[in-house]
Amino acid sequence: MARGINKVILVGNLGNDPDTKYTQAGMAITRVSLATTSMRKDREGNNQERTEWHRVVFFGKLGEIAGEYLRKGSQVYVEGELRYDKYTGQDGVEKYSTDIVANEMQMLGGRGEGGGGGGMGGDRPQRTQAPRQQQGGGGGGGGQDYAPRRQQPAQQQSAPPMDDFADDDIPF
């Protein structure tokens with residue numbers, strides 16, 4: 001039987017500076033809010049904007065890169081997967097959250113917008129034998145057990161220095 005597909009692609013702007021924290025093992029976990037805006041026409045033919053806010057989480061090396069280079073207002077391309085979590089808040093009430101767990105990132109926009117630079121690919125986090133946490137399905141799908149994810153060592157890709165690069169050098 002074929003496996004399902006859980007893939008999300010977003011292009012949007014950061015609504016906050018990245019929040020990076022590290023696990024006891026030293027793995028970076030970076031969280032951002034990403035805004036995407038779509039346009040549609042209403043019944044009268046007027047353009048209507050709708051902005052959606054997405055919680056995006058970067059792990060490992062990709063989390064370090066996101067935390068270092070992204071800033072509020074930066075435009076970014078993100079690929080990842082949807083993750084539904086269920087947890088008990090400090091008030092004892094069960095809460096649900098939906099995150100995009102990023103495994104690819106591309107900074108967009110010019111230098112003034114906090115973008116530029118090459119693509120950043122994150123290695124897919126792998127399952128570990130660590131204590132498992134219940135991951136609930138939002139609404140009606142049951143939960144699945146997922147271990148906290150750990151990053152595989154990434155191969156370093158060196159990009160040429162961008163110090164002497166000007167927008168006028170682009171031939172198009």
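Cβ coordinates are placed from backbone N, Cα and C, and glycine is handled just like the others.
In the domain 'SSB' (5-109), helix, strand and coil residues by DSSP number 10 helix, 67 strand, 28 coil. Taken from Swiss-Prot, the feature domain 'SSB' covers 5-109.
Annotation source Swiss-Prot lists region 'Disordered' at 107-172.
Annotated compositional bias 'Gly residues' per Swiss-Prot: 109-122 (among others), in sequence order.
Look at Swiss-Prot and you will find 135-144 (among others) tagged as compositional bias 'Gly residues'.
Feature annotation from Swiss-Prot assigns compositional bias 'Low complexity' to 149-161.
The feature motif 'Important for interaction with partner proteins' is assigned by Swiss-Prot to 167-172. Model confidence over the motif 'Important for interaction with partner proteins' (167-172) is summarised by a mean pLDDT of 52.
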